[in-house]
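Asks: Below are the structure tokens for one structure; questions will follow.
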Amino acid sequence: MRAIISLLLISAMVFSIIEAVPEEEGLQLSEDERGGCLPHNRFCNALSDPRCCSGLRCKELSIWDSRCLG
């Protein structure tokens, strides 16, 4: 009987925590997660997403440094 009551209390607490977070907040994604583009002078990788914004290209400045430049 105690186990059932404890389980019900834990379920109620978890549900109240989930309801406390607004739905819109949980759906907001960062620019990178949405597959957006990278602005000027940001680190990039020409072989993987996200890509540089239109008008910019991922230019290799050295072996370890590539940036979105115009």
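Each residue, glycine too, has its Cβ placed from N, Cα and C.
Given the structure is predicted, the values throughout are model-derived calculations rather than measurements.
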Asks: Swiss-Prot pairs CYS37 with one of CYS44, CYS53 in a disulfide bond, so which one is it?
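Replies: When Swiss-Prot is consulted, CYS37 turns out to be bridged to CYS53.
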Asks: How long is the line from the C-alpha of CYS58 (disulfide bond) to the C-alpha of CYS68 (disulfide bond), rounded to the nearest angstrom?
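Replies: That comes out at 4 Å between the alpha carbons.
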Asks: Out of the recorded positions CYS37, CYS44, LEU69, give me the one sitting nearest to CYS52 (disulfide bond) by CA distance.
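Replies: Comparing Cα positions, the closest of these recorded positions turns out to be CYS37.
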Asks: When you tally the Cβ atoms that lie within 10 Å of each candidate's Cβ, which of the disulfide-bonded residues (CYS44, CYS53) has the highest tally?
Replies: CYS44
